[in-house]
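Asks: A single structure is presented below for examination.
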Amino acid sequence: MWLYLIRNYIYWYLRKVIKWFLRQTTKLCELQRICYAQPVGARRTLNVERSLRDSNRPQIRGLLTVLDARASDRSFYLGRSIQIPNAVSTITRVKRIDPCEYERFNNALGQCVNNIWSYMQLVEEIKTSAAIPYDCTNDVHEKSLLLLWDELMPNDRLENRVTKQWQDIGFQGDDPKTDFRGMGTLGLDNLVYFASKYTHLARCALSHSMHPIHGYAFAIVGINLTSMALGLVVDGSAKTHFYNKRNAPEYEDFNEFYCYLFWKFDKFWLDAKPKDLMEFAIHRKQFETIIRQELEKSDTVFLIDVPNDNTTDVLNR
Amino acid sequence: MLQGLLSMLKRLRSSPDKELRILLLGLDNAGKTTLMKKLASEDVSHITPTQGFNIKSVQADGMKLNVWDIGGQRKIRPYWRNYFEFTDILIYVVDSADRKRVDETGFELNELLNDDKLAGVPVLVYANKQDLALAAKASEIAQELNLHLIRDRPWQIQACSGIRGEGIKEGLEWISQNVKKK
């Protein structure tokens, strides 16, 4: 405990001294040094985030509180055109940035601010979506579920809304609604997105999942992967991937992230040749470890790099 | 004196919590994983369907419980048998609000009770999801499952709500009493 406090104090003090020294010698503040020295992407954004969070200036702290509140009530995306310039101008004022540097610095900083708080808002959005239970009386939910069937099984008509056929695509029982209990509409959105955007890949995975020995339950595994994806984004591990993408993260980017995980997991499972599907928990854990290791590398960005018959523009994105 | 010391050592050695292997079974969506997580005092707001199985060691009521939570979907049920050996207690979980599948859950329980590998293993039935308005009472479930016909082992039915954490402790108390009797 004491050691911890002393270490923190030393760290805080040293940081101050080093920052002062660098400011005097380079005439640049820490944020500028980060933005100029590091290329666009996760490393720059993560360092800017850390630097802002460590700041003791009341104006910066106030600014962060406001932005955090916007992200958590999910009004950051919409207000970006005002909030980002405001944030940038507050920071440049407080840090007394040389006006000649504005153009170069402000763009870089604005991009980081956009990424940091869009990600935070994304966390709120997916948590909200996971908390909405699947509702049979909701037309949107029902249509979405039927679309999932049509995309995956174009040659088989669903005989009934409640039917054993659902087990063909890996639900547990005759009515998929109960399987969505833990991940809510997020689980459904993810599956439907995978099946309609990467139809070819999804159907390949589905056919692998039907293998008599090395198969798995497509939909259930899919919902478990939603849970994994949610965990990775909420605990911040997925920041590298999202900060390395060109655009500020939005809900659709979470769907893309999910599709990548599904596509990779399917390959991982096939290569592992498990004895039966009772080995799922072990392989899921190993798979998550591999993904986490990838996300620790600062240049990681997950892309599905095989053609998908369904859409030819996947690779050009 | 030496004898006293020896017996004291013996007592010390045997008292560290009894280790029990508990098998948690039931249809899909009965609430097995939620019950297990609740036993371990973990968060139960985001439980996903169990593909395969989960294991957890839990300290409760002076016992060390090694809980095996096996998925309940039809596809997985044939694998249940692989986990029967050395089972001390069978916990069978029923979704009390799922009236449509009463027969199915009764059938699966019967299969378990008739299996040689589980002969004589005490069975605790949790009538789960009592928090739902449509839930059947524990006594109704007991009747529908014909529990009164069980003669070859101790059994108990316990109403509970995994989500709210109600009734679980009472079930555990029954377990600890019935293990001592053995």
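Cβ coordinates are placed from backbone N, Cα and C, and glycine is handled just like the others.
Relevant sequence annotations retrieved from TrEMBL are reproduced here:
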BINDING   B:G26, B:L27, B:D28, B:N29, B:A30, B:G31, B:K32, B:T33, B:G72, B:N128, B:K129, B:Q130, B:D131  GTP binding site
BINDING   B:T33, B:T50  Mg(2+) binding site
Asks: Provide the number of Cβ atoms within 10 Å of the Cβ of B:D28 (GTP binding site), excluding the reference atom itself.
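Replies: Looking across every protein chain shown, the total is 23.
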Asks: Work out how many Å separate B:D131 (GTP binding site) and B:T33 (Mg(2+) binding site) at their Cα atoms, rounded off.
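Replies: B:T33 (Mg(2+) binding site) has its Cα 17 Å from the Cα of B:D131 (GTP binding site).
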Asks: With a CB cutoff of 8 A to chain A, go through the binding-site residues B:G26, B:D28, B:K32, B:T33, B:G72, B:K129 and name the hits, or write none.
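Replies: The binding-site residues close to chain A are B:D28, B:G72.
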Asks: Want to know which binding-site residues, from B:G26, B:A30, B:K129, are within 10 Å of B:T50 (Mg(2+) binding site) at Cα; which are they?
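Replies: Checking Cα-Cα distances against B:T50 (Mg(2+) binding site), none of the binding-site residues falls within 10 Å.
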Asks: On a count of neighbouring CB atoms within 10 A, which of the binding-site residues B:K32, B:K129 is highest?
Replies: B:K32
Asks: Please list residues from the chain of B:A30 (GTP binding site) whose Cβ is under 8 angstroms from its Cβ, counting only those at least six apart in sequence.
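Replies: For B:A30 (GTP binding site), the qualifying residues are B:G72, B:V93, B:V94, B:D95, B:D98, B:T105, B:N128.
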Asks: By the count of other Cβ atoms within 10 Å, pick out the sparsest of the binding-site residues B:G26, B:T33, B:T50, B:G72, B:D131.
Replies: B:D131
Asks: Between B:G26 (GTP binding site) and B:T33 (Mg(2+) binding site), how far is it from one CA atom to the other, in Å?
Replies: 11
Asks: Check the DSSP secondary structure of B:T33 (Mg(2+) binding site), expressed as helix, strand or coil.
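Replies: It is helical.
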